[in-house]
Amino acid sequence: MGSITRALPLLLLLLCAHGNAAQPYLRLRPSPSEHLPVPDLIEEPDPEYDPREQDLSERTLRKKLGSHFDPNFMSIHLPAQLNASAPPELPRLPMPAELKKLDLTETPYGRRVKVGKKARRKFLQWLWMYTHCPVLYTWKDLGARFWPRYIKEGNCFGERSCSFPEGMSCKPVKSVTKTFLRFYCQGFLRQKYCTWIPVQYPIISECKCSC
């Protein structure tokens, strides 16, 4: 499933990543899986592990994140459309070759049906729209321990079956990885050491109708 990866307890991953200096990035989901988008993370509720005001210098954090900052998928401030998804769009990708080559004149019983070019074109267009699986994007609040705090996350359209007859559904087949900063504390209470570390967060980029 490409770069799609499985969620594991974040704390264990953080400890492994922090103990390995040769590992520049922490992957939140390091092994292949169909479980996207990333589920909400269970956080330690103690505010002692939250970044303080001096830890949130935008200039310093932008410099630390560098070229990984992608304004199309991340936001420092509360987006106006938080938790609001756009309606499904018409297919923008070209019609798949298997649909274009579909022979509508043949039947399972050997008889042939006459179909005009205009009717064939309209039916294939309807079939492509019916089976198309768009990616719906919504803004998600990752919490104060991530920077940027807000991420535009992809979801597969799942309000109905995408096959005709029904039975199949839209599932993720590709993802892109975006790098964020994660505030991580090692140790306990006053002896703890806290810093921002880079983490990689997968986002669904393509969905497909499948079983």
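Glycine is no exception: its Cβ is also placed from the backbone N, Cα and C atoms.
Residues or ranges marked as signal peptide in TrEMBL: 1-22.
Per TrEMBL, disulfide bond is recorded for Cys133-Cys170 (among others). The Cβ neighbour count for Cys170 (disulfide bond), using a 10 Å radius over every protein chain in view, is 24.
The disulfide bond annotation in TrEMBL covers Cys156-Cys207 (among others). Sequence-distant neighbours of Cys156 (disulfide bond) (same chain, 6+ apart, CB under 8 A from its CB) are Cys133, Val135, Leu136, Cys170, Lys171, Pro172, Ile204, Cys207.
Marked as disulfide bond by TrEMBL: Cys162-Cys209 (among others). Counting only same-chain residues at least 6 apart in sequence, those with a Cβ under 8 Å from the Cβ of Cys209 (disulfide bond) are Thr131, His132, Cys133, Cys162, Ser163, Met168, Ser169, Cys170, Lys171.
Counting only same-chain residues at least 6 apart in sequence, those with a Cβ under 8 Å from the Cβ of Cys185 (disulfide bond) are Glu48, Tyr49, Lys192, Tyr193, Cys194. Sequence annotations record features per position, and here TrEMBL assigns disulfide bond to Cys185-Cys194 (among others).
When the disulfide-bonded residues Cys162, Cys194, Cys207 are compared by the number of other CB atoms within 10 angstroms of each CB, Cys194 has the fewest.
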